[in-house]
Amino acid sequence: YNSSVLILSISLENNSELLKIENPVYVVYLGEKEHDNPDSVTESHHQMLWPILGSKKDAHDSIVYSYRHGFSGFAAKLTESQAQQISELPEVVQVIPNTLYEMTTTRTWEYLGISPANSNSLLQKANMGSQVIVGVIDTGVWPESEMFNDKGYGPIPSRWKGGCESGEIFNGSVHCNKKLIGAKYFIDANVADFGVLNKTVNPDYLSPRDFEGHGTHVASTIGGSFLPNVNYLGLGRGTARGGAPGVHIAIYKACWIQRGCSGADVLKAIDEAIHDGVDILSLSLQTSVPLFPETDMRSLASVGAFHAVAKGIPVVAAAGNAGPTAQTICNVAPWILTVAATTQDRSFPTAITLGNNITILGQAIFAGPELGFVGLTYPERPLSGDCEKLSANPSSAMEGKVVLCFTANEPSNAALTAVRNAGGLGLIMARNPTHLLTPTRAFPYVSVDFELGTDILFYIRSTRSPIVNIQASRTLIGRSVATKVATFSSRGPNSVSPAILKPDIAAPGVNILAAISPNSSLSDGGFAMMSGTSMATPVVSGVVVLLKSLHPDWSPAAIKSAIVTTAWKTDPSGEPIFADGSSRKLADPFDYGGGLINAEKAVKPGLIYDMNTNDYILYLCSVDYSDISISRVLGKTTVCPNPKPSVLDLNLPSITIPNLRDEVTFTRTVTNVGPVNSVYKVVIDPPTGVNVAVTPTELVFDSTTTKLSYTVRVSTTHK
């Protein structure tokens, strides 16, 4: 944020009428201002257009926006020849056609380069994932959402053994179709723990129907059908879709509002999904530290996922939302693909204009209408300006005003509720930079950092009657918006087995727009923005669907390897990825694993680090699980080898050495899935003070040699 610069973004609706506009909008950029007076800047823009358009009136009518604060420029309706004439003027830096800003699910996939417009794209080559079945274990589904329509779908795959269960306000024979091919619910273990669902206090449906919308959001992110003209909160119109819009979806409801997800119910859901014939499982579920051992039946994801992976079903799961503290990551078993959350190249600048004419940009998802100049207050002592304590203030201190508050804690909606209940008109919250935003209509709820919050506070204290104007939020996309690992995204290292790098991969999980239950307070036309590693997980699941479509013979480990080894270490535009927290830093593997998922590259990884069930058994032996506990997971008697294997030899696409004292040696085995006759040469960039040697230094593949091993020797000069 920079309080001296006002960024204006033009949001245009992407509809057919735009195509009929005779004179499209061009943006004329002039660079630095030549006048400090904004009116003089605007006048200079008119004067530039007069000789080209013929009159002062035509120049005035042509201009859409005059950029006159942070820089000089304007947006105007021009013909192509007029734009060309202006571009030739010596004072003009650049003339560019206006960009249509879309604020829909599509942004996630366009940001990651997964576009349906390119006939050679992964999406087209995979036929939208049309031969794949994904199982979603969550809170159910709202089947009436248009994102689950089956227009253009072929027959359900013959291997499908599942079905649709009827229940409360859910008719299995009506609400399922060729896209939504399965829907079941699991509550028996939950009932055993907490008793029968009391419908007078818990409105959840005893059926696969989703009451609050989390499962609907996840499922539509993975495979929602193309849906044009979505306009969430008036922030821009565009086409919504999931990552694999042709996939078949099976819903397994094992999570219930006010009750959570019983481990036994989740395990039963996984078991049913394996039986039904799903190809992929997506679990936007989390536990918190301390974690159970991977062989403990209470470790629901680890044990259930082990059996799914053993059957060739990749399991994608959330890293958790306990960041940015280290060692908080969950779903840490090596057979799980664990997903961290990042932002994407989109923000929602919201202009706050103070009574002294200074404009500050905060972040909000505020649909408007614009709040004209009204009173602005900060509750000074003996009142409290602490966001968590606003409810203790008398209503008269906040009524009819916009309230400024400060908090060092994670944002919650308690302050929003307190100001609303007191009759306040809006809330400006100063806090650590974060991207968790609560969508609002008619009531602005804007976030600023502590620096800008302090600027606003100094203004309030400088005048007897402070006032503020808050404009509706705009949508800004592109390279001007940096990608960051979200503050809430749980971080490694792995607290159960530090030698297993977690997370594996990162994907957008902040302000993701997808379908939701209309019961949700966030819903606008059946859509909502949500944030969390729960939202990043289905993004990766959607990519896994596409990879599985093109490589049905790849194992879960092969798919994970392809994703991890081809990930971006920068954002798609080449800018560095940072990790948000109490102090921002460059992201590292404990923040984002291999990096930001790069779906197009993952199709052709060249080499893969493959594993099967036996490799995972050796891993369990290497980390000192007993024969009895391992046998319990496998369901058959298992005896570990003696001497026990080294955990460092697990064939992961990463190398993590928790405590490097003496020299260690370990092996990796790679399988060539690229051109048959390929040669790979080692490149080593070791950490400071660490010596790394690889033998051999070259791997040569041909038609008969498709799998080769190399040895890594690591030592340190540190005492």
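Backbone N, Cα and C define each Cβ position, glycine as well.
Any TrEMBL annotation is an automated prediction that lacks curation.
Over in TrEMBL, the protein carries these features:
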{"type": "DOMAIN", "residues": "25-103", "note": "domain 'Inhibitor I9'"}
{"type": "DOMAIN", "residues": "129-571", "note": "domain 'Peptidase S8/S53'"}
{"type": "ACT_SITE", "residues": "Asp138", "note": "active site, charge relay system"}
{"type": "ACT_SITE", "residues": "His214", "note": "active site, charge relay system"}
{"type": "ACT_SITE", "residues": "Ser534", "note": "active site, charge relay system"}
{"type": "DOMAIN", "residues": "649-717", "note": "domain 'Subtilisin-like protease fibronectin type-III'"}
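Remark: Asp138 (active site, charge relay system) has Asp210, His214, Gly215, Val218, Ala219, Ile251, Tyr252, Lys253, Ala254, Cys255, Leu283, Ser284, Leu285 as non-local neighbours, by Cβ distance under 8 Å and separation of at least 6 in sequence. Residues within less than 8 Å, Cβ to Cβ, of Ser534 (active site, charge relay system) and separated from it by at least 6 positions along the same chain comprise His214, Val218, Ser284, Leu285, Gln286, Ala318, Asn321, Gly509. Taken together, the residues in the domain 'Subtilisin-like protease fibronectin type-III' (649-717) have a mean pLDDT of 95 on the 0 to 100 scale.
Around His214 (active site, charge relay system), a 10 Å sphere centred on its CB holds 22 further CB atoms from the protein chains shown.
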